[in-house]
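Have a look at the structure below before the remarks.
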Amino acid sequence: DLAITYNNIGSTHLKLGEYQRAIENYKLALDIQEKSLNQTHSSLATTYNNIGLAHFSNGEYSKAFESYNEALGIQQKSLLFIHPSIAITYNNIGSVLSKKGNYSIAVKNYKKALEIQLRSLPPMHPDIAITYDNLGLTYAYAGEYSKGLENSMTYNNLGLLHTLLGNYSKALELYNKAFEIQKPLPSTHPHLAITRNNIGSTHFKLGEYQRAIENYEKALEVQQKSLPQEHPDIAITYNNIGLAHYHKGEYSKALDE
């Protein structure tokens, strides 16, 4: 099936961080599916979710939101309301909303995902852990730290919560555990950049600006290999480096960033 082939090619580009090429192939798959399948066929929803994920990875959150909603609309017509695939789409929508700062609506979507997963998946299924993790992180961003601690299940997100609570030494301990777990990942994996940025931000909070810069620069190195040049996460890391140089009194270096 040519549509499946295009989807597979798109997914390969996605894994390589070639997001625009991924989108192009996913759209070729979608074009074939729209001409050959019923408009409520679940395969269309899968492709829309793939397109959404590529846009999300590329920092194009509004486009991702549109694609995920297209996927959800199809799934609600073609699948049982407790189907795990619908939960994945709710999770995807929640992730976009959280990135856009719409935390309360993001939480509602994560809770819808969790409700489906608790009814349709085994209790220890990793997808359930991911949803709890998403909830925890979103509560943290919204300032509801106690709810975040209740829901967060990964070292990175627990570390973020302790950072927000001012428990910096505990946060560093958790981030370093996260980094140990991530060591087997490829050196360009985006999760490594997230952890390095988190470690850097905690050193910054402690006034350890040189150590902050070292970690930010390692995060930037990963991001420059794995993300498009204009990705917003790269801009954030440059800003972090500049801010740390400024607090060190290195004003010319701060301006360079």
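Keep in mind that glycine also has a Cβ here, set from the backbone N, Cα and C atoms.
In TrEMBL, annotation is done automatically, which means it is predicted and not curated.
According to TrEMBL, the repeat 'TPR' annotation covers 3-36, 45-78, 87-120, 152-185, 193-226.
Counting Cβ pairs under 8 Å that are 6 or more residues apart, the repeat 'TPR' (87-120) and the repeat 'TPR' (45-78) reach 3 or more and are in contact. When Cβ-Cβ distances below 8 Å are used as the criterion, the repeat 'TPR' (45-78) is approached by residues 3, 7, 10-11, 14, 17, 19-20, 22-23, 26-27, 29-30, 33, 39, 85-86, 88-90, 92-93, 95-97, 99-100, 227-228, 230-233 of the same chain, each at least six residues removed from its ends. For the repeat 'TPR' (3-36), the DSSP counts in helix, strand and coil order read 31 helix, 0 strand, 3 coil. Counting residues of the repeat 'TPR' (45-78) by DSSP class, helix then strand then coil, yields 31 helix, 0 strand, 3 coil.
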